[in-house]
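Engineer: Straight out of Swiss-Prot:
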- 33-198: domain 'FAD-binding PCMH-type' (DOMAIN)
- 177: active site (ACT_SITE)
- 227: active site, proton donor (ACT_SITE)
- 297: active site (ACT_SITE)
């Protein structure tokens with residue numbers, strides 16, 4: 001296996017056999033369908049397991065990575081050192097009044113569905129974002145003029161000392177694709193959003209409209225991590241890339257989408273290196289043509 005075999009045995013005291021694996025290919029866990037193995041991957045089923053895992057990692061100085069739905073992640077071909085903590089089994093959603101509370105691993109589409117079923121409007125923007133609520137808080141995810149900062153009420157997080165604390169909207173410091181969670185390395189375990197009462201039919205119509213727009217404009221038929229680049233101030237990344245003649249540009253199995261130039265996709269059989277090489281070429285070309293720096297929105301992690 002790897003250098004963390006002894007640590008794997010320690011973690012095994014907290015997990016059932018099916019909830020802890022070694023050398024798990026990250027290509028099976030992220031939307032891009034690329035990436036080498038995680039030394040250890042755990043899927044906690046309660047908060048206690050999360051806290052115990054974090055405490056052990058910190059006590060033994062073992063690196064860890066928090067994984068939501070894997071929709072905004074690019075894992076390098078060498079995989080991930082240490083422990084990947086995947087939150088997909090922590091996905092409970094509850095509603096009370098105008099508030100929806102979801103565990104970190106709950107999918108945004110399911111939170112959106114819960115809001116719809118309770119005639120709550122304001123979360124339609126997230127219906128097609130393929131991430132989890134924890135990841136959405138982490139990066140202040142958004143689409144179609146909406147973002148988490150518009151609806152978040154509070155979040156429960158685990159801080160750097162493994163203490164659970166409640167953060168208000170203001171304390172979360174949500175900015176463009178950033179948050180205090182990202183800056184300080186906190187772990188989101190639950191989030192509450194506050195919405196407005198609405199009519200089921202109009203909420204459903206908006207969800208359907210946004211879904212149709214997404215399907216018509218984005219290359220959803222290919223593995224990707226969604227929008228590859230952050231929006232540079234005063235520009236649109238996709239237009240800069242298209243105007244640079246890079247639509248369809250490819251290296252190996254990775255390519256700039258023909259459908260939307262802001263997406264780098266896996267056409268089939270891509271390696272993480274292929275994707276990274278395409279990203280680097282796009283950044284270099286746009287810089288040369290327009291003197292604009294493109295920064296990745298997708299998180300790039302792992303070993304070369």
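Each residue, glycine too, has its Cβ placed from N, Cα and C.
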Engineer: If I take the alpha carbons of residue 177 (active site) and residue 297 (active site), what is the distance between them in whole Å?
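Structural biologist: Roughly 8 Å, rounded to the nearest whole number.
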Engineer: To the nearest whole angstrom, what is the C-alpha distance linking residue 297 (active site) and the residue listed as 'active site, proton donor'?
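Structural biologist: About 7 Å separate the Cα atoms of these two residues.
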Engineer: Are there any residues in the same chain, six or more apart in sequence, whose C-beta is under 8 angstroms from the C-beta of residue 227 (active site, proton donor), and if so which?
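Structural biologist: In sequence order, the residues whose Cβ lies under 8 Å from that of residue 227 (active site, proton donor) (at least 6 apart) are 237, 262, 263, 297, 298.
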Engineer: Let me check the 10 A CB neighbour count of residue 177 (active site). How many other CB atoms are there?
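Structural biologist: Taking all protein chains shown, residue 177 (active site) has 18 Cβ neighbours within 10 Å.
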Engineer: Roughly where does the domain 'FAD-binding PCMH-type' (33-198) sit in mean pLDDT, to the nearest integer?
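Structural biologist: The predicted confidence over the domain 'FAD-binding PCMH-type' (33-198), as a mean pLDDT, is 96.
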